[in-house]
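Taken verbatim from TrEMBL:
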type     : residues : note
TRANSMEM : 14-35    : transmembrane segment
DOMAIN   : 21-126   : domain 'Prepilin peptidase A24 N-terminal'
TRANSMEM : 134-152  : transmembrane segment
DOMAIN   : 140-247  : domain 'Prepilin type IV endopeptidase peptidase'
TRANSMEM : 161-178  : transmembrane segment
TRANSMEM : 184-206  : transmembrane segment
TRANSMEM : 218-250  : transmembrane segment
TRANSMEM : 256-275  : transmembrane segment
Amino acid sequence: MQSLVILFTTSPTLFYLIIAILGLCMGSFLNVVIYRTPLILKQRWTHECKQYLDPNFQPEPQQKFNLSLPASHCPQCQHKLKWYHNIPLFSWLILNGRCAYCKQSIALRYPLVELISMCCTVIVAYVYGPSLEMLAGFGLTWTLIALTFIDFDSQFLPDSYTIPLAMAGLLLNSWSLYTSPQQAIWGYLIGFLSLWLVYQGFKYFTGKEGMGYGDFKLLAALGAWMGPSMLALIILLSSSLGAIIGIILLKIHKESQPFAFGPYLAIAGWIAFLWGEKIMDYYWGYALP
Ligand SMILES: [Zn+2]
């Protein structure tokens, strides 16, 4: 930490350059997480269901598939990638967005996630400066990016990310990193219960399920990081974002699509994490002159 502070004071440009490269590399890893997590979970659930229905069921031995195996390959031609095909952003630009072997185009999504990760990481460093809050903030930011894209793709927020995120928030705030321990616990409980109540109310009146349990767990995690005072802002921001983008999507698709709320919660949570207090001060200053 000391060396980060020294680097920041002697050469801020180098400091931000290192942070930007860290964000890019992490973005590259996030692409793997986003692509593979739903596949890994679906494979596990299928096995569990089959085992439940047939206790003698033996899963066929198959190739190991997790976050690190198999090595990066082209999803179209399955060709293994060389290290220089795997440099975040630059490889995509140099290869002109095409696979080096089969020349099929590589989705714009991959460099986009890397770019988003880079920008968000640099913004966290800019807002918090070289500190423990910044390092923990990187963890929160990267997890939120992964959750945003996973929920966008598959309409679920995996417990294996939301629950550790909540635990990390409670743990960090046991040393009052962002808010007091009491505030973190209340944030966790109120975060979960507020959306749970909305969910039960919606279900009672319309007979439909408006959102999933993953949404409550994500808001609970955000509450654990920031305390209950930010929850109102997060709900307000995420529902406005959701409404605006929902209307735009409805205009494009002309019919209602399955709608993931997680990405809006994650974006709103990230904004509240960085500028929540400023927004609240501005709002209260404006409302109560
Ligand atoms: Zn290929």
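Glycine is no exception: its Cβ is also placed from the backbone N, Cα and C atoms.
Beyond the ends of the transmembrane segment (256-275), by six or more residues, the same chain brings 120, 123-124, 127, 137, 140-141, 144-145, 147-149, 151-152, 155, 157, 211, 214-215, 218-219, 222, 225-226, 230, 233-239, 241-242, 245-246, 249-250 to within a C-beta distance below 8 angstroms of the stretch.
Using DSSP to sort the residues of the domain 'Prepilin peptidase A24 N-terminal' (21-126) gives these counts of helix, strand and coil: 59 helix, 4 strand, 43 coil.
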